[in-house]
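S.K.: The feature compositional bias 'Low complexity' is assigned by TrEMBL to 76-100. The region 'Disordered' annotation in TrEMBL covers 74-100. Annotated transmembrane segment per TrEMBL: 105-122, 134-158, 170-194, 367-384, 390-411, 423-447, 459-480, 487-511, 547-566, in sequence order.
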Amino acid sequence: MESLALQSLSTPFSLPSRTSLFHRSRPISKSQSSILLNHNSHSIPSFRSSTPHLSFFSSKPCLFNPLKKSSTTHFPIQASSSPQPQKSSSSSPSISAPPAQGTKLVPLIISVSIGLIVRFLIPKPVEVSSQGWQLLSIFSSTIAGLVLSPLPVGAWAFLGLTASIVTNTLTFSAAFSAFTNEVIWLIVISFFFARGFVKTGLGDRIATYFVKCLGKSTLGLSYGLTISEALIAPAMPSTTARAGGVFLPIIKSLSLSAGSEPGKPSAKKLGSYLVQSQFQSAGNSSALFLTAAAQNLLCMKLAEELGVIVSNPWVAWFKAASLPAFVSLLATPLILYKLYPPEIKDTPDAPAMAAKKLENMGPVTRNEWVMVVTMLLAVSLWIFGETLGIASAVAAMIGLSILLLLGVLDWNDCLSEKSAWDTLAWFAILVGMAGQLTNLGIVNWMSDCVAKSLQSFSLSWPAAFAVLQASYFFIHYLFASQTGHVGALYSAFLAMQVAAGVPGVLAALALGYNTNLFGAITHYSSGQAAVYYGAGYVDLPDIFKMGFVMAFINAGIWGVVGSFWWKFLGLY
């Protein structure tokens, strides 16, 4: 999937680089200041913060002088198919091979072959039109490309769009119809909000305050970080930006101050536990609020296209998620404290370090206050917008306009947020194709086939619900993007469940919650997965093992607590 070079995080330390998420490389030299991550689904805004970020271990000699002028050139986040070259810290010249260009041949052949097999070798059902079957073949190749990555996701989606027009499967206007979709523009604007949180330093300040209040023990420290992420999640709609722009820098500082270094045995002292706990908790924070992650908004839009209407979606999403998400957020740090324990149990110096950092940050700046007021306004409009007649996308536009007018963000910040514009392109293409498949009857035909198969086993709708939800969850081992997974499979799985008799709103919301929970099962399953694994504190086997264990624990909590709660709310 996408590769993102995270070039300019505002931190007083550097993180280990990984040339690949599948192989550990030795830590980079201390003079380097960039992170190289593969398989990311969202990007972290690049920024130059107006608030200096100071080290938690300021009472000790800093590994890096934050006031020292760096020789490293700062670039915005790049969404590309190949890593960006890094400058060597050595004075001796080095020659780096140019990045690979063009498509990857084997993934290209496989992806195209899948579409050709669907189109020419599999007999067309009589219930399906020729146009619909041809679009299904193109969509199949497009989804195969999302998994195999012959090209970056945006480029591959554009090829699929072009194929649908060149073959006269779709008209130009039909192919581009989703580019005016309100939800997609809301997702784009959410990237700009995330940049504002990081640029102003507001997210860092909030998290540091919770460390000050709860950080006397390692477990308390983990709860402080978890609660602070849940607090800022509804107004910072990118789990990846929260991970890389706010929480990983804090975890890194705390860990280094305790002598816990990445890629070394000392990582187990503190850093491994804090990274693992924050990583596993992040999915529940994202599942708690509709606006906490971009994929949530996409889920609701696709559900609406299938005729499943969730009235007052922000409130309905939060109410249904609140109890199981709160239970999971409270349980996750404690469970990992037992299953994946840190060597250091007490962190008595952390509150003092946090207090010192807050003192050095100074009083809340004007831009931070503007960010607070703007996001409170935006969240209020998301909650009460339906009553006031203000759409969610319009509320986001109002918020962004305020940030631009008052100078918290400038237009260059928006232009340099390349991942936002990339998302606009490939989201719109996938949503447009999925919508046309629904209009042409493909999704209904597929769901009817699955429903008949389930009926042949005499499964009740609760059993069908459990089987299809579990299938949707574990298929994510094949995906390197939560949003790509939603675009490829959400509509089909929702239609299958509705056809099997599952209440539509229940099925739509549960699939949306699952979309967040499977973001921590592998090191490539989401943007935040790449960020936390790239820090070098957690070994690859531990990522898979804890991801698998926590997947079943989360399934148990959401399945048991959620079932009673959703019954109480009248969802079934």
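Using the three backbone atoms N, Cα and C, a Cβ is placed for every residue, glycine included.
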S.K.: Does the transmembrane segment (170-194) make contact with the transmembrane segment (459-480) through 3 or more Cβ pairs under 8 Å, each pair 6 or more apart in sequence?
M.R.: no
S.K.: So which of 134-158, 390-411, 459-480 is most in touch with the transmembrane segment (423-447), counting Cβ pairs under 8 Å?
M.R.: 134-158
S.K.: Restricting to CB pairs under 8 Å, which listed stretch, 105-122, 134-158, 390-411, is in contact most with the transmembrane segment (459-480)?
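M.R.: The stretch with the most close Cβ contacts to the transmembrane segment (459-480) is 134-158.
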S.K.: What residues in the same chain, six or more past the boundaries of the transmembrane segment (390-411), come closer than 8 Å to it by Cβ-Cβ distance?
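M.R.: Answer is 182-183, 185-186, 189-190, 192-193, 195-196, 199-200, 291, 297, 313-314, 367, 370-371, 374-375, 377-378, 381-382.
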